[in-house]
Every structure is written in C-alpha cells, then in structure tokens.
Amino acid sequence: MSVRKRIGVYPGTFDPITNGHFDIIQRATLVVDHLIVGVARNAGKGPLFSTDERVEMVRDELPHISTHGATVEVRAFDSLLMHFAVEMGAQVIIRGLRAVSDFEYEFQMAGMNHRLNPQVETLFLMASDRHQFISSRFVKEIGRLGGDIRPFVSPRVAKRLLSRFAQEMPLPADTTLPLQAAP
C-alpha cells in the first residue's frame with residue numbers, strides 16, 4: 001500500500017518575507033512532505049515589491065533554512081486561496097499566529113475555507129516567542145525610518161529593502177545602514 005504524500009500550502013503576501021515567516025516554513029516542513037509557499041499577488045495591499053520580486057526573495061532564502069527532508073516550492077497565485085490549495089493538491093493550509101488579534105481573523109478565514117471545501121484543513125502554528133512581534137508592515141516602517149531591520153529579516157532581504165527605500169527616498173549622505181547579520 002502506498003503512503004499518500006502530505007501536501008501543505010503556506011500562503012501570504014510576504015512583502016517582505018521575514019524571519020517569522022521562515023520559522024513557520026521550517027516548522028511546517030515537520031508536518032508535511034511537500035510545502036508550497038503561495039505568494040499572493042494581492043495588489044489591493046499595495047505591495048512594496050512586485051509579485052515576481054517576492055517570489056524570488058522566498059526562493060533565494062530556501063537554501064539557507066532547514067526543511068527536514070520535505071520539499072518546498074514557491075508559487076505565485078491570484079485566485080481564491082481554497083482554489084489554489086485544491087489546484088496544488090493540498091490537504092492542509094498552514095497559517096502562523098502571532099497574537100490573539102491574528103486568531104480572530106484567521107478563525108473566520110478557516111471557517112470560511114472549511115465551508116468552501118471541508119476536505120482541506122487549516123493548521124495553525126504559533127509564532128516562536130522570538131518572532132511574535134515581527135510583521136512585514138513593521139519591518140518596512142522601521143527600515144523606511146532608518147532603523148535596524150537586521151534582527152527581523154535575512155541579510156539578503158535587508159539589502160533589497162534598503163535598496164528599495166533608497167530609490168523611494170534617498171538617505172542623507174552621512175547615513176550608513178549596516179547589512180551584516182545581527183549577532
């Protein structure tokens with residue numbers, strides 16, 4: 001008898017992808033055999049990076065994280081999440097929770113997704129304590145205002161962010177923002 005491959009989808013805008021997102025990806029690979037990181041086009045959110053740039057950022061980081069033997073792929077999508085999950089053959093949607101406020105929203109989404117297709121479960125993973133306060137929105141705000149974003153994103157993502165902010169609003173000539181990983 002063959003064993004069915006467990007496929008999960010971890011959806012998000014990932015604008016930018018943070019260390020908290022990568023923590024969820026690593027931990028999700030403990031419960032699925034194949035994880036699809038679904039990068040939502042989500043133009044309504046007015047993303048800083050294009051969909052292609054966000055997909056590339058996620059792909060660039062995958063070699064640097066442990067996936068516990070599971071395979072991970074990255075795909076963009078612009079359909080209903082449940083349609084994307086079914087199209088990918090997923091049995092589970094992975095969602096990260098940082099706080100009670102996340103739970104309220106995610107609880108409603110899980111209920112709606114269950115109504116759309118009760119065959120696909122939603123699995124919540126609590127954010128690790130060191131990542132509970134990280135959000136893409138906060139990282140962008142900190143970076144735009146010249147704060148140190150190194151504790152929240154990889155060095156490669158930090159470099160992309162700082163480059164984008166410099167294009168939007170050039171920093172004063174005497175401003176130096178370190179790009180090395182935080183100790």
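Yeah, the Cβs are placed from backbone N, Cα and C, and that goes for glycine too.
For reference, Swiss-Prot has these:
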type: BINDING; residues: THR13, LYS45, LEU81, ARG95; note: substrate binding site
type: BINDING; residues: THR13, PHE14, HIS21, GLY96, LEU97, ARG98, GLU106, HIS131, GLN132, PHE133, ILE134, SER135, SER136, ARG137; note: ATP binding site
type: SITE; residues: HIS21; note: site 'Transition state stabilizer'
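This view paints the features noted in Swiss-Prot onto the structure.
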residue: THR13; record: substrate binding site; Cβ contacts under 8 Å, 6 or more apart: VAL39, ALA40, ASN42, LYS45, PRO47, ARG54, SER136
residue: HIS21; record: ATP binding site; Cβ contacts under 8 Å, 6 or more apart: GLY12, PHE14, GLY96
residue: LEU81; record: substrate binding site; Cβ contacts under 8 Å, 6 or more apart: VAL9, PRO11, GLY38, ALA40, ILE93, ASN113
residue: ARG95; record: substrate binding site; Cβ contacts under 8 Å, 6 or more apart: TYR10, PRO11, GLU106, MET109, ALA110, THR122, LEU123, PHE124, LEU125
residue: LEU97; record: ATP binding site; Cβ contacts under 8 Å, 6 or more apart: PHE103, GLU106, PHE124, LEU125, MET126, ALA127
residue: GLN132; record: ATP binding site; Cβ contacts under 8 Å, 6 or more apart: GLY20, ARG98, ALA99
residue: ILE134; record: ATP binding site; Cβ contacts under 8 Å, 6 or more apart: THR18, ASN19, GLY20, ARG98, ALA127, PHE152
Taking THR13, PHE14, HIS21, GLY96, LEU97, ARG98, GLU106, HIS131, GLN132, PHE133, ILE134, SER135, SER136, ARG137 as the record's ATP-binding set, what's the max Cα pairwise distance in Å, rounded to a whole number? 18
Note down the number of other Cβ atoms within 10 Å of the Cβ of GLU106 (ATP binding site), including every protein chain shown. 15
